[in-house]
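First up is the structure itself, then whatever we jot down about it.
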Amino acid sequence: MPEVDRFGRLPWLWITVLVFVLDQVSKAFFQAELSMYQQVVVIPDLFSWTLAYNTGAAFSFLADSSGWQRWLFALIAIVVSAILVVWLKRLKKGETWLAVALALVLGGALGNLYDRMVLGHVVDFILVHWQNRWYFPAFNLADSAITVGAVMLALDMFRSKKSGEAAHG
């Protein structure tokens, strides 16, 4: 069995910090520059900047609830973040892909957790749409990092399964 060094893959936490900082800076910028639901078209019929607040989870799930969801989602984010840090610490030296994936998910989770705890909602500003017919729910850099990290985790599981290795975790 490969040896785990004292800190595992924790040095990859610089990615987590970078995601968190970029997420918070971008949210502060768009909050300062845009009014609520204002759209600034970047690519006509495809991509716009907008400012929206999400009190729910992904895709505004439970956003219309009375406020209890803020604490539920915060608790989930804290537990998941702790699990990700432990998982990251236990990784072996050759598991760089997995370390990057976990660091991305962790950075995104912490970015949205900060919003939820400090502001009471998550700040979203990226809007993908097709003409005026279809709109994907607004999202932010933290959501993007979580998505990219999750896709990387899925690819790692498929790669491990295909090569006959035990799945990580």
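Cβ atoms are placed via backbone N, Cα and C, with glycine included.
Model, not experiment: these values are computed from the prediction.
Database features (Swiss-Prot):
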- ASP124: active site (ACT_SITE)
- ASP143: active site (ACT_SITE)
- 10-30: transmembrane segment (TRANSMEM)
- 41-61: transmembrane segment (TRANSMEM)
- 68-88: transmembrane segment (TRANSMEM)
- 94-114: transmembrane segment (TRANSMEM)
- 135-155: transmembrane segment (TRANSMEM)
Problem - Cβ neighbour count within 10 Å of ASP124 (active site) - result: 22
Exercise for the section: Mind checking which residues of the chain, 6+ beyond the ends of the transmembrane segment (135-155), have their Cβ under 8 Å from one of its Cβ atoms? Expected result: 19-20, 22-23, 26-27, 50, 52, 54, 58-60, 97-98, 100-112, 115, 122-129
Handout entry: Chain residues outside the transmembrane segment (10-30) and at least six past its termini with a C-beta under 8 angstroms from it
Key = 49, 51, 85, 88-89, 96, 99-100, 102-104, 106-108, 110-112, 114-115, 123, 125, 140-142, 145
Fill in the blank from the handout: Rounded Cα distance in angstrom between ASP143 (active site) and ASP124 (active site) is 9
Practice task
Measure from the Cβ of ASP143 (active site) and count the other Cβ atoms within 10 Å, all protein chains considered.
Solution key: 21
